[in-house]
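Chemist: So TrEMBL lists the following for this protein:
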type	residues	note
TRANSMEM	71-94	transmembrane segment
TRANSMEM	114-137	transmembrane segment
TRANSMEM	231-254	transmembrane segment
TRANSMEM	266-285	transmembrane segment
TRANSMEM	318-339	transmembrane segment
TRANSMEM	359-379	transmembrane segment
TRANSMEM	445-463	transmembrane segment
TRANSMEM	469-491	transmembrane segment
TRANSMEM	503-527	transmembrane segment
DOMAIN	586-646	domain 'CBS'
DOMAIN	700-756	domain 'CBS'
Amino acid sequence: MLSNHFQNGMETARLVWSRLPNSEEGELDEVGISKKSDYSGVESLDYEVIENYAYREEQEKRGRFFVGYQVSLKWFLALLIGIGTGLAAIFINISVENFAGWKFALTFAIIQKSYFAGLLIYVFFNLALVFSSVYIVTHFAPAAAGSGIPEIKGYLNGIDVHGILLFRTLVGKIFGSIGSVGGGLALGKEGPLVHIGACIASLLGQGGSTKYHISSRWLQGFNSDRDRRDLVTCGCAAGVAAAFRAPVGGVLFALEEVTSWWRSQLMWRVFFTSAVVAVVVRTAMAWCRSGKCGHFGAGGFIIWDISDGQEDYSFVELLPMAIIGVIGGLLGALFNQLTRYITYWRRNYLHKKGARVKMIEVCLISIITSAISFGLPLLRKCSPCPASEVDCPNPPGMYGNYVNFYCRNDKEYNDLATIFFNTQDDAIRNLFSAKTIHEYSAQSLLTFLVMFYSLAVVTFGTAVPAGQFVPGIMIGSTYGRLVGMFVVSFYKKPNIEEGTYALLGAASFLGGSMRVTVSLCVIMVEISNNLKFLPLIMLVLLISKAVGDAFNDGLYEEQARLRGIPLLESRPKYQMRSMTAQEGRRSRKVISLPRVIKISDMVSILRSNKHNGFPVIDHTRSGETLVIGLMLRSHLLVLLQSKVDFQHSSLPSDSRGGSFPIRHNNSEFIKPVSSKGLSLDDIHLSHDDLEMYIDLAPFLNPNPYIVPEDMSLTKVYNLFRHLGLRHILVVPRPSRVLGLITRKDLLIEDDDDSEMELQSTSSPTP
């Protein structure tokens, strides 16, 4: 009874929250977004193994040596993915740190003479970097905008968004991230690194980019959607590992958040890739400590070490820590809701006006951000340096902790400038720092929280590469430190550290916004280098996620829905429990193809609809209709383009008792990654070609997944998501049973494990 009331209350809160704003046009659903879904820029992926005659013939030709080569190549590609992603992260971090260092050094040098001149230099420096980022995205790589995580999550869920894994997207993501983050926008580079890792993995799997003449044929062993999915999963984990120096967190993030299909062989390769990234990043940091990386120095890559912080915590501290979780859930849900409506307005009104408007929008946000971050510290009074701090303040013209900005006394510092005039990594390190009680005033933290939260909401969704991990940590650590200041003054215990509450606040906001728990918990422990905080981080994450779930979905799910990516979530909708497969199928008529079809009829069918799967039917000698398989649209287009299987007769090609003539290999049917593939308009057929026939039996999938018409739609949903399917045939209930297969029947003793490895790791699919 109590649980039912609680569930009803959660649903009511969600409904009330989601109906706050109302759109003025079109029919809206329960969250204010138009019911009409636009899936024109996406296409489902074919993860299913199509066991046609061409596939079986190819499998028979493969021996044990080929199987060993395939497995070795997968491990070698995992190594290359780790190295490539680590090098990309190093390049981005060094570039951002150096641009920020030059910007702050030049600004501090000029403000010694004129604050107005320093403001102009600061604004124009940021504007130049941001302009370079938005120009790259709008004119070179449109798919590089945003974090890329919703698109990659959709890809691993079975949806391919055109252009997301191309070489130009990779280049645009790298250089665009440098410009947007180095330009001081309220964005992070960690989300784009996940997209960068996925792009590197996909490009390595297909041997490079043929368009830009950067390719290697000996790497082209994994072009199928099924194999490419495994590589992209490795790339996602590598991106998180490179962004946070958290290899275990990267593995768990790929498992928990982005992928919907997992197996043990993939786990080992993902773990190996993340370990390689950790080694590459640590090697680069050791090299940079010698001063060879300019302003990078010993900072840069995220590990906000607070191992010397609070040693223990008391039971009475759990209440304010729980309050931090509640605040994180509320602010995270509000962030998701605000960014959703702003993104919706931006997509349907502002961005429809062209690339010039996108560039003007980002440049205006850059100017406003720079003016606010430069002007607000001028309004704050400087604070006297603590007697225990020898290095307070920093020398004029230097940035870091205890920044002297517009202070008349040499022994004073500006606490608000300490946050603003630093890279985000250094600012978070200052907020997390221990033994720095009373470094920040409550007024400064509250001012920064309101300003940065507002800028993050407005900036997220613009036409630049944008991550939300580090901005979320910035927001959470700010209000977490505010709560910590209250706890210190209320309990008056010397062992309580404000930095501990800043860490918990960061975890709570990320949990309330992104709704990630296990992987985020491990990431926060790895970046803080303090295992003692694990129970506390678990507590605030569980509370913030529960509170956020009462109002809306996670950030990535909301953004994926806005981008028209039809994700299949981990749980089916409640309404599906009372629906059957027959009720869940589309009302449009199923279009079937005969086994032997005339070319003109095939062209007519392909032109008259946009279906991607066609059941193929044949007839027995008694005239009974049989469904002999499923034919994909992309395969039909390949057959039409090649023309080698055309025949003059309308009889099956094996009607004389012979075997099917196979003139194709599986690689011919593979669609290039993140592209629209072959179109009917690209195929030129003569009048004589249209009068010929083709037998579809050698090329169809003879064993598609089939469900009875009265199966629960919930079961169909789970089958579809867990197996990564694209089509399921709904048929009447069978008239008889041929046999039963139990678990015992599947426990086959086989000394030759190579066949199992071949089927599970290197099965090519069209």
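Just so you know, the numbers here start at 1 and follow the chain as drawn.
Each Cβ is built from the backbone N, Cα and C atoms, and glycine gets one as well.
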Chemist: Would you say the transmembrane segment (318-339) and the transmembrane segment (445-463) are in contact under the rule of three or more C-beta pairs closer than 8 Å, pairs 6 or more apart in sequence?
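Modeler: Contact between the transmembrane segment (318-339) and the transmembrane segment (445-463): present, because at least 3 Cβ pairs are under 8 Å.
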Chemist: For the domain 'CBS' (700-756), jot down how many residues DSSP puts in helix, in strand and in coil.
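Modeler: Helix, strand and coil residues of the domain 'CBS' (700-756) number 18 helix, 8 strand, 31 coil.
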Chemist: Please report, as numbers and ranges, the same-chain residues at least 6 past the borders of the transmembrane segment (71-94) whose CB is under 8 Å from any CB of it.
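Modeler: Contacts with the transmembrane segment (71-94): 174, 177-178, 181, 189, 193, 196-197, 200-201, 204-205, 219, 221-222, 230-231, 234-235, 238-239, 241-243, 269-270, 272-277, 279-281, 284, 288, 293-294, 296, 300-301, 757, 761-762.
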Chemist: Honestly, do the transmembrane segment (231-254) and the transmembrane segment (503-527) touch, with at least three Cβ pairs under 8 Å and pairs 6 or more apart in sequence?
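Modeler: Yes; at least 3 Cβ pairs under 8 Å.
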Chemist: So what's near the transmembrane segment (266-285) in sequence-distant terms, Cβ-Cβ under 8 Å and 6+ beyond its ends?
Modeler: 74-75, 78-79, 81-83, 85-87, 89-90, 230, 233-235, 237-238, 240-242, 245, 247-248, 250-251, 254-255, 298, 300-301
